[in-house]
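Database features, via Swiss-Prot:
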type	residues	note
MOD_RES	Ala1	N-acetylalanine
DOMAIN	2-105	domain 'Glutaredoxin'
MOD_RES	Lys8	N6-succinyllysine
DISULFID	Cys22-Cys25	disulfide bond
DISULFID	Cys78-Cys82	disulfide bond
Amino acid sequence: AQEFVNSKIQPGKVVVFIKPTCPYCRKTQEILSQLPFKQGLLEFVDITATSDMSEIQDYLQQLTGARTVPRVFLGKDCIGGCSDLIAMQEKGELLARLKEMGALRQ
């Protein structure tokens with residue numbers, strides 16, 4: 001589970017660990033999908049499709065202090081979940097961070 005998570009989290013890439021049935025995950029997907037990401041730099045990882053979902057959530061707990069989804073990573077930094085993403089978006093920090101990372105098309 002640790003290797004799986006670590007293989008997904010990469011500098012310059014936005015990765016969101018999700019469960020498809022979770023409304024907060026869907027909201028997060030909606031927000032991020034509207035932004036002009038460069039190809040391959042936005043990934044949604046469905047942890048229900050893995051055999052070790054609870055181990056993945058345990059590792060996310062270790063890594064980020066919470067095992068709930070969505071867990072949003074901007075590069076190697078976990079910014080939290082859906083409400084954290086919305087707060088960043090409202091302050092204009094989200095676009096700034098994504099531009100800084102080089103994740104968006106010009």
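Every residue gets a Cβ built from N, Cα and C, even glycine.
Annotated features taken from Swiss-Prot, shown on the structure.
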residue: Ala1; record: N-acetylalanine; Cβ neighbours (10 Å): 17
residue: Lys8; record: N6-succinyllysine; Cβ neighbours (10 Å): 15
residue: Cys22; record: disulfide bond; Cβ neighbours (10 Å): 17
residue: Cys25; record: disulfide bond; Cβ neighbours (10 Å): 24
residue: Cys78; record: disulfide bond; Cβ neighbours (10 Å): 19
residue: Cys82; record: disulfide bond; Cβ neighbours (10 Å): 22
Using C-alpha positions only, work out which of the recorded positions Ala1, Lys8, Cys78, Cys82 is nearest to Cys22 (disulfide bond).
Cys82
For the C-alpha pair, I'd like the distance in angstrom between Lys8 (N6-succinyllysine) and Cys82 (disulfide bond), rounded off.
19
Looking only at the domain 'Glutaredoxin' (2-105), report the model's average pLDDT.
98
Between the Cα atoms of Cys78 (disulfide bond) and Ala1 (N-acetylalanine), find the distance and write it as a whole number of Å.
17
Reduce the DSSP letter at Cys82 (disulfide bond) to three states and note it down.
helix
Could you check what DSSP calls Cys25 (disulfide bond) once collapsed to helix, strand or coil?
helix
Tally the residues of the domain 'Glutaredoxin' (2-105) by DSSP class, grouping H, G and I as helix, E and B as strand, and everything else as coil.
51 helix, 20 strand, 33 coil
Can you see whether DSSP assigns the residue listed as 'N-acetylalanine' to helix, strand or coil?
coil
